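Student: If you look up TrEMBL, you'll see A:86-276 marked as domain 'ABC transmembrane type-1'. The transmembrane segment annotation in TrEMBL covers A:12-36, A:85-111, A:118-142, A:148-173, A:202-223, A:257-278.
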Amino acid sequence: MTTLADNRITTLKIVSFALVALWLIIAAFPFLWTLWGSFKVQADFFSKANWQNALSGTNTIRETGSAFTGQGYYGAWVQEEFWRAALNTCIVVFFTVVISLTFGTLGGYALARSGKRYAFWLLMAALVFRAMPHITLVSGYLLPFFEWNVWGILPTTIIVLVAINQPFTLWMLHSFFLNIPKDMDESAMVDGCTRFQAFRHVIIPVMWPGVITTGLFSFLLAYNDFAVTAMLLSTQNETIIPAINSFLGSTQVEGNVMFAVAAVVSATAPLFVLILFFQRQIVSGLTAGAVKG
Amino acid sequence: MKNRTFFWFILPTLSAMLLFIALPIASVFVQSLHIEHEQVLVVSESCGPFGCRETTSVDTEATEALREERPLGRFNGLSTYTNRAHLAFAEVGEAWRTTESFGDFFDRIYNLRFYRALIFTLTYTAVVTPLVIALGLAIAIGVNNLPRMIKGPAIFVSLLPFLVTPLVGSLILFWMVDSDGILGATLQWLTGDPTLSLKASATLTWIMLMVYGIWHTLPFSFITFYAGLQTVPEDTLEAAMIDGATRWQRVRHVVVPHLMPLMAFVTLMLLMDNFRVFEPIISFQAQAHATSLSIIIYNDLRESGNPLYGSAAATSMMTIAGVVVLLTPVLIRTWRDFSRKAH
């Protein structure tokens, strides 16, 4: 719809463009700045003298002979063994996503196909569970886990993250399955399939877009979690987010803040790649519950 | 779907949620009624030439044995809820009786741990939520007017602050507002006060945390509203234009009413997420000036050597109650919708 009125430049239009431009700068600048700064030495990134040092790298040139240095990354990944944490994160995130999706597709399908009252109450309970601050649940886990001697290991954390993920996964997959026409699996059942066969042969082949989108969000939930991983994992089994937090305590004392900066940039990189490839799915997932509900 | 089939399909997810969400809530409740054992004291009498003296010492072994035997601690009823670290009935009553003005009363209340956290959590939720909704809508409308070529990159850039790990995102901002960081230094230069530090002042710390909150959640409301804008009926817009509505009036009377259901959804999500504000306070090392309910639970559990399970559990129960209160209107509305559809 292009009309004359639309093409005219109004004050409102200028204001809204300015707002968008301002927002984009505010959104992107911190990341660019930290990425740039992670290749400098501390005296530049946290410059007492002049913030322009971080741009030109005056002290970095003096200390290392070049304007860019990988010292922070070397310190974090090699010296402080950040790779261990990264490995743990891979394990935790992979299993959490796979198990969450398996449980979630089965449950979400059942909820979408059952019009019974109890299905509604289950969804409501899931909504309340979704709102629980994770740390309140953690305070319920600690004592039993210590008693049963399962505290501090990866499988416990995976199971807990799966459970915490479930309410969200259920809601999202439930709304995706509602969009798959009932007739498809019902006609398969008329042809003699059991409910599970109908699910296996008719629903599974067409559900992948929904599952991928939900998987992205389970990934984010598991990857970004701090409350659970910080409280339930021992120091050897730490994932990257609690590892960054413990970096802060230990490295600040030794003046190695740049290790933490490098670790932070390393932790952001996978998310950046994720958005790069899955922007469309993420946006559709964000709005899935909203636009249809 | 038959009840039996439903049961088998739902079993894995239901057992995961029962075992690791419902049961822990029950376990938190039981814990909140108990308190750590007191140390076992032994009184021994030692007699010397100048008479006998009684000395009291801690029997470490017996204390350990007691802890082993009953890890929950001793039963304490609801006392944990009412003690100084939580609802502090005695202290609040005392403050009410002895203070002259409301301001004084408020100051006294603010010094109590639980109320301090509660006040920050509620203020944070009440400030961040409406601001995020208003700004998100404004930016969504702005982006919607952009040429198609720029829209994609604009959304890409916007997604970053939202999807970044909260702990990491707040660290990135924290380093920038640090007094040696770029924003902190700029602020010092602008105000002409070289000692200005955002960390040192309570007001500035609160503002900083809320700015982070807005930065982090704005993309969510922006993108949801942006998606909603794609479904605004063109006809109504055109009709409004023919009737002589200005751009502003069209937004006010056509677009906003169309987005109302979305607005309810976004508000719900934001309330839930803002109420559990946690990571930024850790990253900003702001605990001296701002604590939230989640933070005081975390601190109780981290209490070195001797975690205060009872205390953490009592705060958790009250937080859960807060969440339920927050959700009640939504639950009632959804229930009404459901009953209407069912009949």
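Using the three backbone atoms N, Cα and C, a Cβ is placed for every residue, glycine included.
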Student: Under a criterion of three or more Cβ pairs within a distance under 8 Å and sequence separation of at least 6, are the transmembrane segment (A:257-278) and the transmembrane segment (A:118-142) in contact?
Tutor: no
Student: For the transmembrane segment (A:118-142), which stretch among A:85-111, A:148-173, A:202-223 has the most Cβ pairs under 8 A?
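Tutor: Result: A:148-173.
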Student: Mind checking which residues reach the transmembrane segment (A:148-173)? Cβ under 8 Å, same chain, six or more beyond either end.
Tutor: 88, 91-92, 95-96, 99-101, 103-105, 107-109, 111-112, 123, 126-127, 129-130, 134, 137, 141-142, 210-211, 213-214, 217-218, 221-222, 225, 228-229, 232-234, 237, 239, 285, 288-289
Student: Cβ under 8 Å, sequence separation of at least 6 from the ends of the transmembrane segment (A:85-111): give me the contacting residues as numbers and ranges.
Tutor: 119, 122-123, 154, 157-159, 161-162, 165-166, 169-170, 172-174, 176-177, 199, 203, 207, 211, 214-215, 218-219, 221-223, 229, 233, 237-243, 266
